[in-house]
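Student: Annotation source Swiss-Prot lists compositional bias 'Low complexity' at 312-328. The domain 'MtN3/slv 1' annotation in Swiss-Prot covers 6-92. Swiss-Prot lists 127-213 with the feature domain 'MtN3/slv 2'. The region 'Disordered' feature in Swiss-Prot is assigned to 288-328. The feature topological domain 'Extracellular' is assigned by Swiss-Prot to 1-5, 57-63, 121-125. Summarising the annotation, Swiss-Prot assigns topological domain 'Cytoplasmic' to 27-38, 85-99, 147-161, 207-328 and lists sequence analysis as the type of evidence. According to Swiss-Prot, the transmembrane segment annotation covers 6-26, 39-56, 64-84, 100-120, 126-146, 162-182, 186-206.
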Amino acid sequence: MADPSFFVGIVGNVISILVFASPIATFRRIVRSKSTEEFRWLPYVTTLLSTSLWTFYGLHKPGGLLIVTVNGSGAALEAIYVTLYLAYAPRETKAKMVKVVLAVNVGALAAVVAVALVALHGGVRLFVVGVLCAALTIGMYAAPMAAMRTVVKTRSVEYMPFSLSFFLFLNGGVWSVYSLLVKDYFIGIPNAIGFALGTAQLALYMAYRRTKKPAGKGGDDDEDDEEAQGVARLMGHQVEMAQQRRDQQLRKGLSLSLPKPAAPLHGGLDRIIKSFSTTPIELHSILHQHHGGHHHHHRFDTVPDDDDEAVAAGGTTPATTAGPGDRH
């Protein structure tokens, strides 16, 4: 009968490779758009270093075949991601990224391998490399804590995808069980931390997944609409009162010189103000109908403007004073 650790390791391989393959959709988008957009490149560089060191660790650990297969596959995928990012990154980003890749994935990795092979032997070599691998893995598992802080602050799981949290939980749990079966604490400690963080993320997801996002994006627009409506009501009321005063003056036989409508206080109120504006000719027509039974009429002592001259010449009456947007 096969060792249970082998079956657990196979399951861990499948889950881990799925996690490593998750950025494929991101890089398909990068290739199609020929741009790295706002995607970060540092996680792929650090993951490439981590998987490379774990592969080296598995090669020197007795019975470490499953460690080699999963991390070797991960290192190959991460190398492809780094290469694609370099191909489509902007010139400044590319120059900076090349320096980091050469320093971390070439220089640091080569230094660790050289020291381990030349200066360290047996159990000491395995211990030193195992500590480095565990430290890198803990750092990678701690990275999603920023997303957890964002969830708590915004009370929204928008920035913490469920699938990523679930696979973090599952991957950490499976490899923690594997570490107990093979008694490898360099694998167990970082994956136990990953399992705990994955559990915490799932708990946050369950707590905030039904929470509605606070209305914040449309707040400024709503305030502008309310302000515009208030100004519209105020302007309409003022124009109506002004017309009432004109009617009273006309009834008393006073001469009236109508001012031109004032420029609108708000761009969106142009049509509203136009609807309340009347020309002297229209007002005279209305008053003539109102006082049709009387034997007197009122004389306008106003100086005709361009519109009045046009009416007198052409026999038509403009409905409103044209604003800047209505002239052709």
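Backbone N, Cα and C atoms are what each Cβ position is placed from, and that goes for glycine too.
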Student: Under the DSSP assignment, what numbers of helix, strand and coil residues are found in the domain 'MtN3/slv 1' (6-92)?
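Tutor: The composition, in the requested order, is 71 helix, 0 strand, 16 coil.
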Student: Should anything in the same chain at least six residues away from the transmembrane segment (100-120) have a Cβ under 8 Å from its Cβ atoms, list it; otherwise answer none.
Tutor: 42, 45-46, 48-49, 52-53, 56, 82, 86, 128-129, 132
Student: Which residues of the same chain, at least 6 past either end of the topological domain 'Cytoplasmic' (27-38), have a Cβ under 8 Å from a Cβ in it?
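Tutor: Beyond its ends, the topological domain 'Cytoplasmic' (27-38) has Cβ neighbours at 80-81, 84-85, 88-90, 93.
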Student: Residues sitting near the transmembrane segment (162-182): Cβ under 8 Å, six or more positions beyond its termini, same chain?
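Tutor: Same-chain contacts beyond the flanks: 3-5, 8-9, 11-12, 15-16, 18-19, 22, 63, 66, 141, 144, 188, 191-199, 201-202, 205, 209.
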Student: In the predicted model, what is the mean pLDDT computed over the topological domain 'Extracellular' (1-5)?
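Tutor: The average pLDDT of the model in the topological domain 'Extracellular' (1-5) works out to 76.
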Student: So if I exclude everything within five residues of the ends of the topological domain 'Extracellular' (121-125), which remaining residues of that chain have a CB under 8 angstroms from its CBs? That is, six or more out.
Tutor: 60
